[in-house]
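Visitor: I grabbed these lines from TrEMBL:
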type   : residues : note
REGION : 15-36    : region 'Disordered'
DOMAIN : 37-205   : domain 'FAD-binding PCMH-type'
Amino acid sequence: MTTEQIVDDLDRAVGSALRRPGDDEYDTATQPRNATADQHPVAVVAATSADDVRRAVRAAADAGLGVAVQATGHGAAGTVGDDVLLIDTRRMNGVSVDPSARTARVGAGATWAEVNAEAATHGLLGLAGTAPDVGVVGYTLSGGIGWLTRAHGMASASLRRVEFVDGDGEPQVADEQENPEALWAFRGAGGVGIVTAVEIDLVAVPDLWAGYRLWPITEAESVVAAWTDALGQIDETLTSAIGFLKAPDAPVVPEALRGHRVVHLSAASVSGEAGFEPLERALRAAPEPAIDTTGPCDEKRLAVIHLDPPDTVPAIGDGGWLTASTPAHALAILSALGVGDDAPLAEMEIRHVATTVAAHADGAMTSPPGPFLLHVVGPAPTVDDRRTVEQAIDVVRAAVQPVETGRAAASFRDGQTTVPGAFADDEEERLRSVRQRYDPHRRIRRPRSV
Ligand SMILES: Cc1cc2nc3c(=O)[nH]c(=O)nc-3n(C[C@H](O)[C@H](O)[C@H](O)COP(=O)(O)OP(=O)(O)OC[C@H]3O[C@@H](n4cnc5c(N)ncnc54)[C@H](O)[C@@H]3O)c2cc1C
């Protein structure tokens, strides 16, 4: 059968949601936010309903094709070839909040900006990450670490119910009563099917304070020392991150620092100004920052304090969970590549994510596997750039060795196709067997194999 005939068959089975190569919407859907991924699926299903998803998976099964799913493409990696039908969920972005239950029902394609805009009207927030345009489902299924992690746990633990289509195209539900094994896999290990909607817990944060500070990189030693000094006195109401960042050429950065490497300290407190006190005290030993935006905060301001790039970026990154000894090594890790403006990584960051909450939710990863998280990332528009970034990542890995937990952080391996060591052996085995049950023909393709 020719590719054309396969697409004609898909068209008949899927109907008006099918987009062929050459269609504008096919082109848009195959330009993921992480532009290192090359995507030329046989066709795209511009899904608007769970029925579209069900029809797409069945049609792919009949045609002997694999199925991949994408909302924003932030998590894209590797090639999606013409043996795959791509389901584009962006239009399935409905959000409805139940303020009395403090939950939200979220469509498969909704972003955190869309969910938190709605949640905030009820004085609530979801457990978003740093970037507003990341998809709720992709983020939550792979764990989800954000500004409320220390106070309220990982997003995967806030997952109550999942509506999904399994590898045979059957609609299913996973919650504590029905298909609890599937729910276990959806909570942090990517799950077992194509999600059409989720129900998540929301939290009330009436006294949110947050912001970022920037210093020239020459102040790195004293700022990192102040942050690490403060960590012992900070309680779980404050989540913070320190990074060496190539500052964007944007109005949020003082002009003198734009395009230069800077120290970026960002933090959020759910106990208002009081949560910041230990950090403020420690920072008196460091020079004044070039900018300090810390103050009362809403969901919109919270979504920009990390200075994530707003545009499509071809990025290669790495992430791993680190031990409690990290503060003593933080400066060495962040300086491992030197601190010049031309260092190949755009960002090297350590997040303090230690938390004791949320261990109640049974899931593959519902609490951080280490108290600190390392994330490093660099732009890789060409093969040569990719090699350079990968070599830089190797240098950082060597610096991190003394504080490694041995656990990789799947979400933060930008543009990479594997995540060795994301889970313990017995968890990997359990995941394999749950996936075998819901997708026996291994129809569902994921960019990053755990
Ligand atoms: C700028 C930036 C900032 C980030 N910040 C954070 C952060 O603060 N904390 C954090 O934890 N992570 C963060 N991440 C990582 C992010 O959580 C992952 O890349 C996540 O996978 C993105 O989900 P997405 O839906 O936006 O991307 P997509 O590429 O659309 O999806 C990623 C993967 O999720 C799965 N998926 C998506 N939709 C479905 C579905 N309907 N059914 C089944 N599987 C699905 C698929 O395997 C898909 O390939 C960040 C990433 C970027 C690029």
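Each Cβ is built from the backbone N, Cα and C atoms, and glycine gets one as well.
What's the neighbourhood like for each of these?
Guide: According to DSSP, the secondary structure content of the region 'Disordered' (15-36) in residues is 9 helix, 3 strand, 10 coil.
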Visitor: Grab the same-chain neighbours of the region 'Disordered' (15-36) for me: Cβ-Cβ under 8 Å, and only residues 6 or more beyond its ends, written as numbers and ranges.
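Guide: Contacts with the region 'Disordered' (15-36): 7, 43-48, 52, 55-56, 70, 72-77, 80, 86, 88, 90, 133, 312-316, 380-381, 386, 414-415.
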Visitor: Restricting attention to the domain 'FAD-binding PCMH-type' (37-205), give the mean pLDDT.
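Guide: That stretch averages a pLDDT of 97.
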